[in-house]
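K.L.:
Quick one: the structure is below, and I'll ask about it shortly.
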């Protein structure tokens, strides 16, 4: 059974997701032809997104390496990036159990009314497997690894429930949410930052969303031109010649244009399924909502997200240089920065200045946490027979450095089972509050 499931997962997200969307569409009563075309359009959109993300990574990676060499960095922990982290996470028996556990937890919580999120993005359950692998590497206790998996999956569904209205308001995606382990923590980090920004003279009045910037600066505020100019700056910092700088600039400008179009294709496929899900729930479960849990890749095409992410690339490398005690060399996950900040941008309503300032502070915490957790990531990689390619210590910047990683590993290290019990209790209380208490209050207020 596990071998069959692993084979299915190994097909990759661009195959797995359309299959699940097709099946989901049929269950919701969508006509087979419509379900098929919607599923294929989702697959096409993801292929396009992956191509653009690869273009971004293949462009930024060498530039980052050049910056590292130019600044003479001698950092000992290598950021291998999320693809390696996912491979490590699924490379053990504990990791291979994450998907069936994830499906079971999701179904149970939907049945008992403790979540609105139906997560069809099952490939990204690797985030739970990653946390579980670190807990197991820390404790050598398989049961604690399983418990960490269950609690993390419950937590990410809670975040999905909370994020649904935010994503609809800012991105315009109805009935869609992102129970995504890399993106969701940034939303929580941004909330107190936004509260703080609203109380700082000057900053609270800065309007810096893409539309305002374009109105103020004309052609220089255009997202394509901004991408081009940011690429120029990165190329100069990397010490590229004129040709190399120009090519990088055009590629970053191209990403700003192509990424939103790929997201539009993906949403073209998802919209009929989302509408069918809404109608299905309205008829059979009056008063309840259902969000389709999707990859946060849907959000990274927003101009505010892309502009802020490109600006944060040199900032992240600079922080790696100047932060005392940091051992991580940013590399593999530099192209993942859009995923880290996509929901921060939603909190800041697309304000690029706020997103870059908060994103810079976020990267400080990420660099320190990912350096701290690197020994456990390395141990997990060795347990999964991952080729370290001669590196003594590895980490994954985006996943290893999140505050959620620190929470699970840190509390387990200090409190053992008590740490997991504490997190689990808070998460369960959150699920009850969001899905039981809040709807009851709204219903009571509506009848007054």
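Just so it is clear, glycine is given a Cβ too, placed from its N, Cα and C backbone atoms.
As the structure is a computational prediction, the values presented were derived from the model and not from experiment.
Pasting the relevant annotations from TrEMBL:
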type: DOMAIN; residues: 5-441; note: domain 'PTS EIIC type-2'
type: TRANSMEM; residues: 6-28; note: transmembrane segment
type: TRANSMEM; residues: 35-53; note: transmembrane segment
type: TRANSMEM; residues: 87-113; note: transmembrane segment
type: TRANSMEM; residues: 125-158; note: transmembrane segment
type: TRANSMEM; residues: 178-197; note: transmembrane segment
type: TRANSMEM; residues: 217-240; note: transmembrane segment
type: TRANSMEM; residues: 252-270; note: transmembrane segment
type: TRANSMEM; residues: 290-323; note: transmembrane segment
type: TRANSMEM; residues: 329-348; note: transmembrane segment
type: TRANSMEM; residues: 414-434; note: transmembrane segment
K.L.:
Can you tell me which of 6-28, 178-197, 290-323, 329-348, 414-434 gets the most C-beta pairs within less than 8 Å of the transmembrane segment (87-113)?
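P.N.:
Out of the listed stretches, 6-28 contacts the transmembrane segment (87-113) most.
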K.L.:
Let me check one thing: do the transmembrane segment (414-434) and the transmembrane segment (125-158) come into contact, meaning three or more Cβ pairs under 8 Å with sequence separation of at least 6?
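P.N.:
Output yes: the transmembrane segment (414-434) sits against the transmembrane segment (125-158).
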K.L.:
Honestly, do the transmembrane segment (178-197) and the transmembrane segment (35-53) touch, with at least three Cβ pairs under 8 Å and pairs 6 or more apart in sequence?
P.N.:
no
K.L.:
For the transmembrane segment (329-348), give me same-chain residues lying six or more residues beyond its boundaries with a C-beta closer than 8 angstroms to one of its C-beta atoms, as numbers and ranges.
P.N.:
53, 56-57, 60-61, 64-65, 68, 73, 75-84, 163, 166-167, 169-171, 178, 180, 182-184, 186-187, 189-191, 193-194, 197, 296-297, 299-300, 302, 304-306, 308-309, 312-313, 316-317, 320, 354-355, 358-359, 362, 366-367, 396-399
